[in-house]
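Undergrad: Quick one: structure below, then a few questions.
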């Protein structure tokens, strides 16, 4: 079977039609606009409730970890500026199997971000517009659903009429989104600072221990807030001068990290315990106080200071613009992820079609439709963000191996940006991803992994027959068997006997019953994943089998973090077999092994060869 048209050659004619309208500042504000969204509205409160004053350190550590990941992608994006690059790049170096895992997982999370931002905007507006939320809850009412749906339609229209419209609108709004958090920080520090909050209360600076600092990164919206760094990669194919991608991305990312660290510092110091009816130092009760109805807005209005009360009006405007700015960017990002999957040959070619404004037509429409479905399924911000974070960072596991492998496979290819000490930086990127995913807790991670595994039958039924010569009937049979076994085993061996008791009663006792049941489930799913893939691989021509071989390291990632999460500090047991800090040390070691395995699995794919030819001709 020919490998010459897996995706890149077919996609190149559509890439050429994309409108290159984004400059340095547009890229910087894509970063700023997508990172300063609903995260800055809610995460400071949630982080402080889990960590206390040490939440400041959580933001800083998260920024450093995500910086390593962003660096790895930035080098690749400046070398190959491709719209939808996050799902296209893995196919360049690791072929169809690995790229499918990444693309499917990317789709799971990126398509949920726009509805999450619409939820956040609607939630904040409930402070001014009665009836948007169900009384006594943080869930949308019928009127709230209507408001969120209108916002989604607005995001859609802004993208539909062209990247230049979205990009320039985002740059204009970006200035506002940058200024309001900055003024908020200054006002809180000048007018409401209580230095005693940092270390003078019961429990001191770190009331919940060192492990809580890391737990907060993926579970309180911190890692979610930093997810937006990806947009400079996703829109790289629409940048006027690729050399500006790295500069704009670094500027935008650095500014946002500084803002978030200072914002958490200001929030912690601004809390007046007497006005929120919470015992001083009882950080975990913050989410049950009046601050839960819009933490920063409430601090401003409760102060009783005229200038802060007046500023609260501008703040509410930003509470609409910040999440909305992220929302409309992610509608475009979703469309480009679907475009990238079609470019890889993982979706039908019509996802490559552009409208008359040179925007991916069906991807943008699909982003709107599926966004409505997510609004229905997840009626509250906190419910959707935890899922997005864990799935989102799993897709970044390829960042380190990808950047390192390209140095080996294409050492002389022109690059506008080169990471210094690539061996170290790329490894740090992989380790950072693995740690953030592990810290997500088993309560979140089990569902994410099951959703990811549920996408494997599509690879069996569509990609393998279409691209690897597998008999379609055999692919359909394998896919149906996988879905049935996965569903039954998950419900009867994991959800009902383990997850339900854990969610109802809290941490479980460490018994052979729970451990044995999970291990039995784990062995069944792992055996089925490997077995059915190998069974179908018998049909694959010998010259294409490398596509399957080069993707096993992704499977290894899923099936190592899964049991570690179950038995580790952030798992289901009150006395975990792998407690802190040994669990995190184990995660670092596994991350290094995964990185080496992934980098060595890379090969010169037909898509990479074609991309390098395009690069040589354009130089």
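Easy rule for this one: first residue shown is 1, then count along the chain.
Yeah, the Cβs are placed from backbone N, Cα and C, and that goes for glycine too.
In TrEMBL, annotation is done automatically, which means it is predicted and not curated.
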Undergrad: Looking at 120-141, 296-317, which stretch does TrEMBL describe as transmembrane segment?
TA: 296-317
Undergrad: Please check if the transmembrane segment (27-50) comes into contact with the transmembrane segment (142-163), where contact means 3 or more CB pairs closer than 8 Å and the residues in each pair are separated by 6 or more positions.
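TA: Answer no: the transmembrane segment (27-50) and the transmembrane segment (142-163) share fewer than 3 Cβ pairs below 8 Å.
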Undergrad: Would you kindly check 95-116, 142-163, 382-404, 514-538 and say which stretch has the most C-beta pairs under 8 angstroms to the transmembrane segment (359-376)?
TA: 142-163
Undergrad: Give residue numbers and ranges for long-range contacts of the transmembrane segment (175-193): same chain, 6 or more residues beyond its ends, CB-CB under 8 A.
TA: 29, 32-33, 36, 40, 255, 259, 262-263, 265-267, 269-270, 272, 296, 299-300, 303, 305, 307-308, 311, 314-315, 317-318, 321-322, 325
Undergrad: Which listed stretch (205-229, 250-276, 382-404) has the most C-beta pairs under 8 A with the transmembrane segment (95-116)?
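TA: It is 382-404 that shares the most Cβ pairs under 8 Å with the transmembrane segment (95-116).
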